[in-house]
Amino acid sequence: VLSPADKTNVKSTWDKIGGHAGEYGGEALERTFVSFPTTKTYFPHFDLSPGSAQVKAHGKKVADALTLAVGHLDDLAGALSALSDLHAHKLRVDPVNFKLLSHCLLVTLACHHPAEFTPAVHASLDKFFSTVSTVLTSKYR
């Protein structure tokens with residue numbers, strides 16, 4: 001459960017990211033594919049080469065979903081219900097992949113915003129991404 005301090009840290013960080021969320025989402029997704037090659041299996045129809053427009057576009061979708069989540073921190077399950085259905089029933093993404101992408105998102109954000117990436121912010125973002133991952137995998141059961 002996100003504490004009030006966590007929610008403040010997440011919202012504040014997301015505000016600082018601003019218009020770069022899509023760019024960072026693409027970078028994090030590319031980092032995930034490079035660092036964890038098994039994640040590529042869900043994207044056989046994508047050009048997965050560095051700088052791929054398809055990877056950038058999907059990264060923007062990831063960032064848009066996270067932006068939606070940031071706007072609904074008190075109702076993540078409701079806000080992400082359709083995405084949870086999609087990933088559980090249609091795409092059948094292995095839940096571990098959400099953890100891998102979350103890690104790569106943290107690395108990407110730390111690279112771009114080192115001064116703001118304090119231990120408290122790191123912990124809050126980690127809890128946020130973990131909570132989002134839990135919501136996205138909740139319909140697997």
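Glycine is treated like the rest: Cβ placed from N, Cα and C.
The domain 'Globin' annotation in Swiss-Prot covers 1-141. Restricting the average to the domain 'Globin' (1-141) gives a pLDDT of 94.
The Cβ of Thr8 (phosphothreonine) lies under 8 Å from the Cβ of no residue that sits 6+ residues away along the same chain. Positions annotated as phosphothreonine by Swiss-Prot: Thr8 (among others).
Feature annotation from Swiss-Prot assigns N6-acetyllysine to Lys16; the stated evidence is similarity to another entry. According to its DSSP assignment, Lys16 (N6-acetyllysine) is helical. When other Cβ atoms within 10 Å of the Cβ of Lys16 (N6-acetyllysine) are tallied across all protein chains shown, the result is 13.
For Tyr24 (phosphotyrosine), the number of other Cβ atoms no farther than 10 Å from its own Cβ, over all displayed protein chains, is 21. Under the heading phosphotyrosine, Swiss-Prot lists Tyr24.
There are 17 other Cβ atoms within 10 Å of the Cβ belonging to His58 (O2 binding site). DSSP gives His58 (O2 binding site) a helix state. Feature annotation from Swiss-Prot assigns O2 binding site to His58.
Within 10 Å of the Cβ of His87 (heme b binding site) there are 21 other Cβ atoms, across all protein chains. Per Swiss-Prot, the feature heme b binding site maps to His87; the stated evidence is sequence analysis.
Look at Swiss-Prot and you will find Thr108 (among others) tagged as phosphothreonine. Sequence-distant neighbours of Thr108 (phosphothreonine) (same chain, six or more apart, CB under 8 Å from its CB) are Tyr24, Glu27, Ala28, Arg31, listed in sequence order.
DSSP assigns Thr134 (phosphothreonine) to a helical segment in the three-state reduction. When Cβ atoms from all protein chains are considered, those within 10 Å of Thr134 (phosphothreonine) total 14, not counting its own. Taken from Swiss-Prot, the feature phosphothreonine covers Thr134 (among others).
Long-range C-beta contacts of Thr137 (phosphothreonine), restricted to its own chain and to partners at least six residues apart, with a cutoff below 8 Å, comprise Ser84, His87, Ala88, Pro95, Phe98. Annotated phosphothreonine per Swiss-Prot: Thr137 (among others), in sequence order.
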Helix, strand and coil counts within the domain 'Globin' (1-141) (DSSP): 110 helix, 0 strand, 31 coil
Cα-to-Cα gap, Lys16 (N6-acetyllysine) vs His58 (O2 binding site), nearest whole Å: 21
Between Thr134 (phosphothreonine) and His58 (O2 binding site), the C-alpha gap once rounded to whole angstrom: 20
